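See structure below.
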Amino acid sequence: MACTGWTSPLPLCVCLLLTCGFAEAGKLLVVPMDGSHWFTMRSVVEKLILRGHEVVVVMPEVSWQLGRSLNCTVKTYSTSYTLEDLDREFKAFAHAQWKAQVRSIYSLLMGSYNDIFDLFFSNCRSLFKDKKLVEYLKESSFDAVFLDPFDNCGLIVAKYFSLPSVVFARGILCHYLEEGAQCPAPLSYVPRILLGFSDAMTFKERVRNHIMHLEEHLLCHRFFKNALEIASEILQTPVTEYDLYSHTSIWLLRTDFVLDYPKPVMPNMIFIGGINCHQGKPLPMEFEAYINASGEHGIVVFSLGSMVSEIPEKKAMAIADALGKIPQTVLWRYTGTRPSNLANNTILVKWLPQNDLLGHPMTRAFITHAGSHGVYESICNGVPMVMMPLFGDQMDNAKRMETKGAGVTLNVLEMTSEDLENALKAVINDKSYKENIMRLSSLHKDRPVEPLDLAVFWVEFVMRHKGAPHLRPAAHDLTWYQYHSLDVIGFLLAVVLTVAFITFKCCAYGYRKCLGKKGRVKKAHKSKTH
């Protein structure tokens, strides 16, 4: 765009700024994951769009939330399943969580309810069957891929088109984060997923931690077998998870050391925990009325996340009984069957503005499944928690918050009505919980750059520089025995043994020489006396 005919310097400056903005704008391919994963990724995508970048989102035509109301190009591809199939498999998965808690990598990866993951894994095969879409992506000359790695498809796309990638994740299942980033994770103080251990493990816990690590190496490849077969088929060469993850330019990790335990990190790992926290907005009149009616006691916010829509009747009644025994008004996000014993102080809603409610000064506690979104909103707003984890990283999140004195954890399958009542009264009446969560909130907010701005910066950085090779450790170029210096240890051990052997031989030779000489002297002396 040419700017002519202006004599005033102000319009000229504006024009130059706009021109610079267009010159810096890039072209970004986004390969997201459905469900709650998309909620936070979307905020980064929207900010990138506002900054003038050309964004193309590739998504399956069957999804729950993907691509809605985005002001960018959205490309869809057909899937081998329907929305009814997706809902059915998801309900089976969610229902299984109320039967037994997943406490081992085996039960997580080998569960009979995991068919939903195979549906997600099949997406990439469907994408690459769409030759028209593949040709469009090939000709588009993207600067980078912004992806959620859960179903592997974004990783496959990045490798297929040889594009630098930015991974957006809370964490990576199994050991693929540490392996893909070549990041050390000492088992002596870095607990594995699902165990619910702190970083101060007992000897017994450290043994269990090592066993879990071995189980990951034995079982994870079976869980991802279908995904890797699809990847190998698309890339036309056998690949492993390491092959897919190891080319990541930047890891945007939705965690923060206010929640997680300190551990080794790599220079291309950027921490954006709390990216889902936003400035509180005015509450809808309906919820403002609930709070005003609660009086001096205030309210308790209760949500088990978007994945839990139904609770077994007996458990729902036990929960309702406990809620009825506290003086606070309880706002319970629940779409299941209304418990028959629901008390007058408990209000069921199909949706609630969770972050805005947690930010209200009359909120006394938060009952949560300890998903990362809810935990960070609780930290940001300084609200103590009663945590009822169900699956995935929720057990670990709950353990971390309990260790830091910011809440109480209950086993949702085994807890009684009395357990929940006591936990609620503890976090509401014991000031230490409020003080601890406020301290964590203060630490979390004391940062030079907001998580959203940090995420946007690093995506743009990869787009500008076509990757971040200067942050890639040389460990990727070493064999496993070179990485652990086994060849050096073997060489030095051989040198030490060789020196020791030569020294021993020399000493033995000298000893024999000395003994031999003494023996001859003694014999000569004896012959003279005779």
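Backbone N, Cα and C atoms are what each Cβ position is placed from, and that goes for glycine too.
Listed in Swiss-Prot for this protein:
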| type | residues | note |
| --- | --- | --- |
| CARBOHYD | N71 | N-linked glycosylation site |
| CARBOHYD | N292 | N-linked glycosylation site |
| CARBOHYD | N344 | N-linked glycosylation site |
| MOD_RES | K99 | N6-succinyllysine |
| SIGNAL | 1-25 | signal peptide |
| TRANSMEM | 488-504 | transmembrane segment |
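Mapped onto this structure are the features recorded in Swiss-Prot.
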residue: N71; record: N-linked glycosylation site; Cβ within 10 Å: 10
residue: K99; record: N6-succinyllysine; Cβ within 10 Å: 9
residue: N292; record: N-linked glycosylation site; Cβ within 10 Å: 10
residue: N344; record: N-linked glycosylation site; Cβ within 10 Å: 7
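Using a Cβ-Cβ cut-off under 8 Å and counting only residues 6 or more beyond its ends in the same chain, the transmembrane segment (488-504) has no close neighbours at all. Here the candidates are the recorded positions N71, K99, N292. The one whose C-alpha lies nearest to that of N344 (N-linked glycosylation site) is N292. Here the CA atom of N71 (N-linked glycosylation site) lies 38 Å from the CA atom of N292 (N-linked glycosylation site). In this structure the alpha carbons, written CA, of N71 (N-linked glycosylation site) and the residue listed as 'N6-succinyllysine' are 42 Å apart.
N71 (N-linked glycosylation site) carries neither a helix nor a strand DSSP state and counts as coil.
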